[in-house]
Amino acid sequence: MSSTVSNPQGILQPGSFLLPESESMKKEEAELVSVCWNQDSSCFAAGTSHGFRIYNCEPFKETFRRELKDGGFKIVEMLFRSNILALVGGGPNSQYPSSKVLIWDDHQSRCISEFAFRSEIRAVKLRRDRIVVVLEHKIYVYNFMDLRLLHQIETQANPRGLCCLSHHSNTSVLACPGLNRGEIRVEHFGLNMVQIINAHDSSIACMTLTLDGLLLATASTKGTLIRIFNTMDGTRLQEVRRGVDRADIYSIALSPNVQWLAVSSDKGTVHIFSLRVRVVGEDSYSTENGALLTQQNYSNSLQGLVSPTIGTNPGSSLSFMRGVLPKYFSSEWSYAQFHVSEVTQFFAAFGSNNTVAIIGMDGSFYRCSFDPVNGGEMGQLEYIHFMKMDNRP
């Protein structure tokens with residue numbers, strides 16, 4: 001598989017790319033094609049059949065939208081709250097190919113670079129110094145400044161486009177499916193080290209990293225267990241149970257303080273779990289100076305500690321018989337729950353002050369709160385149908 005990178009001066013002129021809303025566009029309701037959180041979950045992007053829209057979460061408002069004459073995008077990847085986005089065509093009647101990434105500068109209203117491939121792009125991930133393009137069997141890692149190809153990573157079939165990055169400036173970690181079923185490959189670029197984690201017996205369905213890349217949370221296509229790993233040595237630190245029945249996991253989110261984990265699935269419940277691990281210490285990765293921390297010290301910077309300040313996940317009433325009864329009876333179950341529709345995909349993320357934000361492919365936005373001491377059913381604080389908002393910017 002090869003790729004082509006270009007700096008398309010004059011290829012996509014602003015006037016030919018952006019289009020003011022015509023009367024036909026105003027009459028035709030835009031269809032939601034995709035939703036995606038930005039790196040710190042303060043905003044999310046919605047790809048539509050007409051273009052894309054950007055929403056702020058606290059307070060909730062549409063910050064801007066772009067209507068395009070040639071259809072919409074199936075991938076709209078933000079770079080925190082900056083003016084840079086990665087766009088991949090898709091959706092009804094889109095004229096933009098699904099095999100090309102456009103790097104869009106919204107301040108200049110133009111495409112500043114593009115990446116063309118020979119097969120469909122499954123995902124694009126951004127951090128301030130890297131552009132990562134995910135194909136079904138390969139991942140390309142580029143330097144953001146000069147668009148130089150830095151790494152190529154082979155994976156097993158990856159139709160979901162699974163890949164996640166660290167976002168601290170002093171770490172550079174990438175996690176993706178490995179070459180074997182249930183395997184995850186963790187690249188520590190600063191340490192020039194690869195860690196292979198045998199996470200599940202079934203294929204990987206969902207994964208996420210903490211912002212510093214020290215912790216990895218995973219789920220398989222079975223969808224019953226979520227596991228948390230140390231990315232340095234592959235140690236499993238904790239395992240929690242979503243349920244007994246098979247489920248399709250849509251999202252896994254870790255709170256910034258690494259005390260909570262949220263999971264959404266096709267079962268119509270968003271689960272919150274209490275984590276017993278937290279990050280202690282810092283690493284010293286620098287993109288200029290390379291790895292300033294030894295592998296041993298880096299590994300020691302992550303310790304599994306019991307936190308006395310938060311509640312614990314409930315276990316089975318028969319957990320006293322662990323070792324005698326099956327593993328199920330010693331499982332940790334969710335600490336708090338919120339119920340949504342089972343007929344559409346929902347993606348959860350943590351907000352401030354023990355809140356969770358949930359966005360759905362039906363155009364719904366929920367904000368709910370959970371009790372960090374007692375757990376239980378979460379309370380709904382806000383509901384908005386963001387595709388039908390009247391207060392446009």
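Every residue, even glycine, has its Cβ placed from backbone N, Cα and C.
What Swiss-Prot annotates here:
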type	residues	note
REPEAT	27-65	repeat 'WD 1'
REPEAT	70-114	repeat 'WD 2'
REPEAT	199-239	repeat 'WD 3'
REPEAT	244-283	repeat 'WD 4'
For the repeat 'WD 1' (27-65), distant same-chain residues with Cβ under 8 A (at least six beyond the ends): 71-81, 85, 87, 90-94, 106, 126-127, 167, 211, 253, 256, 347, 349-352, 357, 359-363, 365, 367, 382, 384, 386-387, 389, 391-393
Number of helical, extended and coil residues in the repeat 'WD 4' (244-283), per DSSP: 0 helix, 20 strand, 20 coil
Helix, strand and coil residues within the repeat 'WD 3' (199-239) as assigned by DSSP: 0 helix, 22 strand, 19 coil
